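Since the structure comes first, as structure tokens, the remarks are kept for the end.
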Protein chains: 2
Amino acid sequence: MSASVSPLAPKHYPAMPAIEGVRIATAEAGIKYKGRTDVLLLVFDSEAEAAGVFTRSKCPSAPVDFCRRNLAAGKARAVVVNSGNANAFTGKKGRESTAATAAAASAAVGCTSGEIFLASTGVIGEPLDAGKFSHLLGGMAKDAGADRWLDAAKAIMTTDTYPKVATETVLFGGVPVTINGIAKGAGMIAPDMATMLSFVVTDAPIAAPVLQALLNKAVGGSFNCVTVDSDTSTSDTLMLFSTGRAATRGAPAVTELGDKRLADFAKALGRVLHSLALQLVRDGEGARKMVEVHVSGAKSAASAKRIALSVANSPLVKTAVAGEDANWGRVVMAVGKAGEPADRDLLAIWFGDIRVAHQGERDPTYSEADTSAYMKNEDIRIHVDIGLGRGKATVWTCDLTKEYVAINGDYRS
Amino acid sequence: MSASVSPLAPKHYPAMPAIEGVRIATAEAGIKYKGRTDVLLLVFDSEAEAAGVFTRSKCPSAPVDFCRRNLAAGKARAVVVNSGNANAFTGKKGRESTAATAAAASAAVGCTSGEIFLASTGVIGEPLDAGKFSHLLGGMAKDAGADRWLDAAKAIMTTDTYPKVATETVLFGGVPVTINGIAKGAGMIAPDMATMLSFVVTDAPIAAPVLQALLNKAVGGSFNCVTVDSDTSTSDTLMLFSTGRAATRGAPAVTELGDKRLADFAKALGRVLHSLALQLVRDGEGARKMVEVHVSGAKSAASAKRIALSVANSPLVKTAVAGEDANWGRVVMAVGKAGEPADRDLLAIWFGDIRVAHQGERDPTYSEADTSAYMKNEDIRIHVDIGLGRGKATVWTCDLTKEYVAINGDYRS
């Protein structure tokens, strides 16, 4: 963990309400970190519906492989997460470690290994000794409590400088239901997925296939629109669980994606994921500024997103923002290198509300002083209009600072 | 320019022989820099054959547009290069600037504007006032001398910390011919093209279409295999000229690509471009270490190159090298995110001669001490074997240091 909290950290945290049917425990196992929690157990009192989205890496971690297998059945009784070691690129030892953890967790909560989900985050390539924490799971399952969401978010942090939580309560068939989410991530953050772990739980009674469809859609506008360093982790895991317990208060059981009662829930889920994704960016390693990149006028939405990501991932754009330099020429460069349809002489660029470039050259009213003043803000908005079509997209990133280099130059040692 | 010369700078420079038929002049025009040369004029005493390769940016600079138009005829009488301003994204003013420069150059050497080639490097988006240097070209043409190749390389530098030159002399149909090259580049360096300017001249009598074919091939193994920051410039320009004057000493005129007398020349051209490309990487902004990434065992050569570039462009790999951290887990990550065929459990990774990973996990003989000692070297070699096929590729990059961030956080101001 970094010594100091990001200046972009939330100024306050929401109260995270309990969600019926899920309990939380954390523990200090000393896997890598000392003097902090590094193991999280989520226990579902009965079978929860499960959905998940995982890294697109060709070299996924052992827990990702494990989760993908179990997700086919769509049922969960417990989730075990450890920080400090990713259990990635650990070969046979990695599979033994996930098996041992799952066996301990299933004994602790009284279920099969097929109802356990696992995630690990931290160093890649070092064997994870499940024995360091598997013996704790029985006690954790007994002691788990419903109101420990912030503790849960803290236990899964690595280089994060603050815990990330979000919550929404909406009416679902006239009955209030809650969606709680936690996330971690700070580096190795790029879309598809952002490199991160996130666990979201609701009491709304929604069947696993419907949860999965809602999750697939919501991730497109949230975690898959943020990037810190263009690097994609081996361990990206986003899971959504439903305890279904709102049914006891009269909430309807929904099993079809077309059900109109899902509309408000889907929007609330989107807001939870969006909040968590932006908290991720705002805790980007070394971040001092958040950058929103909005592209309009592209040939298509997909083209707009590729251009926006080209800008957001450009080291030269990101260092210029760090230096509070309104170097819009580098935005032109990043649009040009995206490989997407663009016509230099139609481009317009804004920094905040200031149009700095228009029809392929510097705006006639350009004021270096005004633009430089804008760059001193904590939140920077770059808008590029391509001038060719109606495609648009927005992505979020952070600046690239010397602290990013410092954090990543000696993270492992 | 940076205050201090890169520690990876060449320890000595080759003597750059004169090439018959081309003369060089430089001048201090004060376009942006003070107390240094910033204009280069190459004068061909008679029509030279010309070939060129340019940026793939969709937002090319005005000089790139200008060169592309003139290259159709394949004849050159002069080249004008300025540093300090890229004349990119300058709209109508940019076109007026190239026209004015070309008019002054053609008057200075006595030719048409169609035989002039131009390049500009520096800040993007600020109008380039050709009047700052066009009046100097007449005097420069008169004073130009044959033995000023190092001066030529110095005049085109921007954030470069040292000038880049290379030379080769080979037999061409039994007659010695020379190839001299200069280059600049330090940031905004990525393949297709590396962000840079490079001008190469030979006295071998080779027709323009043949020169172009040789250049297209040689760029693939040189400038298109280096990356500093994955950013592609609007101004990338690599040109190859032949004065043909070796014909007066009996060298054959070659007009067909299949001509066997080209073989040694092609190899020598490859060495010149390779040397210049590596000098570029070794002067990467803030670079303290050079990194060679070699990928073998990929499904194809193209796949190997994409994987190698994914490793070479990963901020997390590059910061680990900067921190002298043998963090091979990040190499796994970068292989995984490349999107190319790969099987985690077949991967092997070497740092130098040390095999750190084998069959999907840490090598059983892995020694942290040995690997950390290796990381203290100035030149780092990372080799990844994918284990699937016979495709291989090598690319070169540098580490990502705090100095890169510092240089790019306030380059423009």
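Using N, Cα and C of the backbone, Cβ positions are placed for all residues, glycine too.
TrEMBL lists A:Thr158, A:Lys184, A:Thr195, A:Glu285, A:Asn408, A:Ser413 with the feature substrate binding site. For A:Thr195, the entry in TrEMBL reads active site, nucleophile.
Feature map: annotations from TrEMBL on the structure.
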residue	record	Cβ within 10 Å
A:Thr158	substrate binding site	23
A:Lys184	substrate binding site	28
A:Glu285	substrate binding site	29
A:Asn408	substrate binding site	28
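Following the DSSP three-state reduction, the secondary structure of A:Asn408 (substrate binding site) is helix. Chain B lies within reach of A:Asn408, taking the binding-site residues A:Thr158, A:Glu285, A:Asn408 and requiring a CB-CB distance under 8 A.
Annotation note: A:Lys184 (substrate binding site) sits in a strand segment as assigned by DSSP. Look at A:Thr158 (substrate binding site): DSSP puts it in coil.
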